[in-house]
Each structure stands twice: as structure tokens, then as C-alpha cells.
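Remarks on the structure that follows.
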Amino acid sequence: KIDFVFGVAGGSIGLGNVWRFPYLCYKNGGGAFLIPYLLFLVGAAVPLFFLEAAIGQFTSRSVSAAWDMFPLMRGIGFASMTIIMNLNTYYMAVLAWSLRYIVASFEATLPWTSCHNDWNTQRCFVYGSNINTSGSNLIDDPMSLVSSVVEYWERGVLAKSSGVEQIGSVRLPLFCCLLVSWIIIYFCIWKGIAWTSKVVYFTATFPLFMLLVLFVRGVTLDGASDGISFYLTPNVTKLGEPQVWADAATQVFYSYSLCNGIMVAMGSYNNYHQNLYSGTSFFAGFTVFSVLGFMAKEQNTSIQTVAESGPGLVFIAYPKAITLMPLPNLWGVLFFLMIFLLGLDSQGGVYVFNMYDNYAAAGWCLFFIGICECVTVSYIYGISKFWGHVCHMLGFEPRIPWFKYAWAVVAPILTTGVFIYSLVQYQPLTYNRTYTYPL
């Protein structure tokens, strides 16, 4: 039972919470994003979470074989396996980036704290400096300045090209980090689930400690209140945009590791009669936006400007927080070790990565699988029949069978609605709001 709890925690307290949620919250109106997020959480995510774990526990079979309860729908299992394969592929890129930062944290001076590196431009400046460290007189135009943290991420680590059409050559440092990441993954799983379940005891709890440390430092920074206010103040006009609702639904599915087979696999190792009845994202957002508020005040510009970093937001806000702490090298190693461990639980360039993030392992494909799961259990296998199995496993019948009604009505309606909405209102993919992908 303890192994199951930690395994589920490792899947849920993942990169999607620490890295993806704050970016989506910024993109979609700050606190207003929490309204659709909570709606989909209660109406769809939690019921599907319980459904998948219950199917795994009831069948005690693999992800693909679990759906043999209705052989015609066995494709749900194979689709989930395809999703997790895509997810693992692009998670490895995040692991490689994290490992690159871990290595950099061992340098005497953190490379993102100065403007005297080969990758820096004349527009580079260091937070806390009154003049541009490269010597150019650009201080009269703050909007033209680029922080050393951003330049290290975009130029030092990624060597970002002008677009997806320019993939460029292989980045040798990142290639080596990627290779090491795959080797570490192999040794984490080579002895099977019994060994993995023990590893996750540490990988699921250490990140919470690191988030707490960064949170305490972040909220004490000058300007942090501005960032937190931006994070929590709802821009209700955003709720009229379909993309906000689609992003909220996607993030809920992503955060709870739904429709990718993880919960089915975890549940399959439970004892048949284990009781299944028994807010990392939100917390991580406080840390990110308190630091962004400080960065905006230092640069004398808006929070929107310093936050225009797309999915790489966490590799800009968190490293800046680390430089403001005692022993920044030590905290740098520990923090990026945390990001690396989150990837253990939970490549072409950043543009290809962004496509994977939006299409290959999230969005409409998760919604479609979620719809199929609800329809199969509720209307093909039979909701009353399956609910009887659940009650037998629990050893009692819940007084209010919320999940029974959610599987049959609420979750399918919400998931189908956002699925159709996301298809009808499709817009070309963008990166960092400055680059639009070719159709």
C-alpha cells in the first residue's frame, strides 16, 4: 500500500506541476486559470484517476491486457502505451537540460550570473547591476535588455535557432547529458517494479523539500508581492477564450498522469481489497511568480515581459532564485537534481520539444482516450456491473456514489466538450508568443 501511495505521488508530483503549471497560469490569466482547472479537476480528473486505478486493481493485468474486459476496446491500452512512450521521449529532454544545469552548478561561478561568457550578447545584463555588463549603453531602453539568466538558457544551453525549419546540429553537451539520463533511467527500472517502488520513496519526497526552500526565499524578495498578485489576480476576460479551458483540461490530465496507463499499471500491483477511496502545482506557482516579481522590479519592466519564456520559464525563474541564496552552487545542484528526479517519476530542439508538449503526449489525444474509457466502462461493460466490482474491492458501498455518476455523465460530457472545442477552435502552434509554426 505504501509503495502504491509513493508511486502515485511520484507520478502526480511531477514536471507538469513544477514546470508546466506556472507557465500555463501566466499564459491564461493568472488566478482565472484556477477556475476551469478546479472544474475539470473535480468533474473529470479525480473520477478518471480513480477509474484507472480501479481497473488496474480489479484486473491485476498490464495496461494493454486490462482492457480485455471488452476486447473490442483493447486499443485503449495500446493508445495509452503510445502516449507514455511519447511522453517519456520528450521528458528525457527536460532531464538532459536539468543534468546540464547540475553540471554547471559545480563551476566556481554560476554561468548564468555573468555576461562575460562566449554566448552573451551586448544586450546582456545582470540583475542588481545598474549598467549593462557588456559595456553597451542600452540602459535607456530596458525593453532591449536580456538578462544573463535568459541568455544562458536560450544561447548557452539551447543555442536556440530561428525556428523549427532550422533544427541545426547536435548540441554535444546536451547529447552527453541525454545519454547519461537514459543510462540512469535504465538502472532505475532494470530490476522491475519492486526496485522502482523503493527508488520513488526519495524521488517523490525530496522535490517537496526543495520547493519549500525556494518558496521561503522567493516570497521574501523585493517585488515578490507584485508577482504573487499577478499570479492570483484573475483576468476574467481570459475565461472567454477557448484555449484557456483546453489548457486547463490538458494540465489536469497531465498533472494526474491520466490516460497514459500509469494509474492502471500502479493499480494492477495493489491487493484486490485495498481501499482506493482514501496542490503541488499551486505551490510551485507561488515560487515562480514571486521570483518573477523581483526580476521585473530589478529590470524596471512588467511581469509579462520577464515571463515571456514559454515552457522554459522554470529554467529562468528558478535559477535566478538560486543566485539570491547563500551557497548558490549547492542549491543549484540540489534544485536541478530535484527537477531530474521529478522526470524519473513522472530531441531535436526546443521547437520540436514544444510540438511534443502540445500534440504528442497532451491535449486532444488524452481527451479522446478519456472519453473512450468512460464510454467503455459506463455503456459497454456496464456502469452498474463495474460499480459492483469496485464496491466488492472496497468492502463497502459508498453512501454517495459520486464516481459512478461522474464516470457515466459528468466526466464524458466535460471531456467531450473540451475535445470538440479544441478541434473546432484550433489555432497554429506558437512558441514564446513570438514564433508561429508553419502549417
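Here the Cβ of each residue, glycine as well, is placed from N, Cα and C on the backbone.
Features of the protein shown, as given by TrEMBL:
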- GLY10, ASN17, SER255, LEU342, ASP345, SER346: Na(+) binding site (BINDING)
- CYS115-CYS124: disulfide bond (DISULFID)
- 34-55: transmembrane segment (TRANSMEM)
- 76-97: transmembrane segment (TRANSMEM)
- 172-190: transmembrane segment (TRANSMEM)
- 199-219: transmembrane segment (TRANSMEM)
- 276-296: transmembrane segment (TRANSMEM)
- 330-353: transmembrane segment (TRANSMEM)
- 359-381: transmembrane segment (TRANSMEM)
- 402-424: transmembrane segment (TRANSMEM)
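Feature map: TrEMBL annotations on the structure.
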residue	record	DSSP (3 states)
CYS115	disulfide bond	coil
CYS124	disulfide bond	strand
SER255	Na(+) binding site	helix
Cα distance (Å, whole number) from SER255 (Na(+) binding site) to CYS124 (disulfide bond):
35
For the transmembrane segment (402-424), which stretch among 34-55, 76-97, 172-190 has the most Cβ pairs under 8 A?
34-55
Out of CYS115, CYS124, which of these disulfide-bonded residues shows the lowest number of other CB atoms within 10 Å of its CB?
CYS115
Between SER255 (Na(+) binding site) and CYS115 (disulfide bond), what is the CA-CA distance rounded to a whole number of Å?
36
